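Enquirer: One structure, pasted below without further comment.
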Amino acid sequence: MLRGFAFGLALTIILKQFATVVGVHLSTGNLVRFLPQLLEQWPQWNWVGVAVAGLALLVLAICSRIPYVPGGLVAVVIGIGAGQWFDLPAHGVALIGAIELKLEVPSLPDLPFADWLRLGELAFALVMILYAESYGSISSMALKHGDRVSSNRDLLALGAANLVSGLFHGMPAGAGYSATSANEAAGARSRLAGLTAAAVMLLIVLTVLPYIALTPEPVLAAIVMYALGHGLSLQPLGRYFIWRRDRFLVICAVAAVLVLGVLDGLLLSVGVSILLMLRQLSAADIQILGQLGSGHDFVDLSRHPQARQVPGVLIMRPGEALFFANAERILGGALRLIRHAQTPIHSVILSLEESPNLDGTSIEALDEFFRQVSLEHKRLALARLKHDAKEALAALPSSSHYQVLLSGTSVDDTLQESLQSWSGQAQARHWH
């Protein structure tokens, strides 16, 4: 989903920067309406701005072939000089304009409760956008350069940066796709790039800020477009079609961002991603396991016909983790297998290795499953239980009432343990 979102976002930013280049200001963020409006205003396009952006792109392309030459800085310096020499504002080319610096005192705004609620809604949407764009930038660059991603560290850094920025009435902070791409295109290879950029920014603010105001907007637009141009590669998206995985989600994410805009497109993509995940998990099947030779491995009989079923014991495993959407269906399928077993069985082992934890619905379904298996006069054991799941099931009165064996060990160990336990119980009843 993030790959498709990043591609759609890069294309959206480039097209909107192109509108800045030609001097057209459009209100809509929907590219379905944005492109027709952009083309309708063809007669009003500023071709001088197009020429300026084209020359800036040429400078960036040339500088990219020369090591250690900051192409963006060279383009800005040339743009400022050209803007003053050729009087570009007289030809309709807009400049950045004066930037007012004002150091705010850290404070919280005095707002009515209704405005705080509205801010909460907007903050949630902003977090979604910042996280998706930042994580997309981080993961794509880490994958490209072989770096390791630390999600908790990145979330902590983003949260701290936005808290400080908010207290000083600043802008939202994130690993923006355009800024990250520009940083990478400039040759950044380590965290020192961020510190260097901060130092250079401080130097610019203290010394040459009035000259920055003279930068033509098409030059900045060209820098952004050049940096994001690398993000329009179809190769990362093509992998999903080669793998035949998540193709619909990739197409949906790209189309949603282009048609609905960044925020609505992101929300739709997240919704579709969750629905597809729920569909996959809820459609999980129940597998019958058999033993490979005389070893300790138990595998799916449908995929390994050479495996053999343990006589008198039905061993099953859900294909996915149990949760509220699939627990009743999977356990119902397990009951049908018990009732229609092809060979006589006296014991059942259910391996829950795919379920690290269990929600309330799953526990209720297992509680009823214990009762139903007991009514079938079968002995039951659960294998490969994780600690949290085992503790939750051990607290059920039915697990002790129906003498369900709860084991955290392998299927083979659980089988041996259960056979010994059940054999001991049978002997005890016999002597009794």
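Placement of Cβ uses the backbone N, Cα and C atoms for every residue, glycine included.
Bear in mind that TrEMBL entries carry predicted annotations, made automatically and left uncurated.
As annotated in TrEMBL:
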DOMAIN    303-422  domain 'STAS'
TRANSMEM  47-66  transmembrane segment
TRANSMEM  73-99  transmembrane segment
TRANSMEM  119-143  transmembrane segment
TRANSMEM  192-212  transmembrane segment
TRANSMEM  219-242  transmembrane segment
TRANSMEM  248-278  transmembrane segment
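Tell me about the setting of these features in this model.
Expert: Confidence over the domain 'STAS' (303-422), given as mean pLDDT on the 0 to 100 scale, stands at 91.
Distant neighbours of the transmembrane segment (47-66): 21-23, 72, 74-75, 78-79, 82, 88, 91-94, 185, 216-219, 221-223, 225-226; these residues of the same chain sit at least 6 beyond its ends, with a Cβ under 8 Å from one of its Cβ atoms.
Only residues 6 or more beyond the boundaries of the transmembrane segment (73-99), in the same chain, are considered here, and those with a CB under 8 A from a CB of the stretch are 23, 46, 48-49, 52, 55-56, 59-60, 63, 209-220, 222-223.
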Enquirer: With Cβ-Cβ distances below 8 Å as the criterion, list the same-chain residues six or more beyond the ends of the transmembrane segment (119-143) that contact it, or say none.
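Expert: For the transmembrane segment (119-143), the sequence-distant neighbours (Cβ-Cβ under 8 Å, at least 6 residues beyond its ends) are 2-3, 5-6, 9, 111, 149, 151, 154-155, 158, 162, 172-177, 180-181, 184, 231, 236, 262-263, 266-267, 270.
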Enquirer: Treating G and I as helix alongside H, and B as strand alongside E, what does DSSP give for the domain 'STAS' (303-422) in helix, strand and coil?
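Expert: Helix (H, G, I), strand (E, B), coil: 54 helix, 19 strand, 47 coil.
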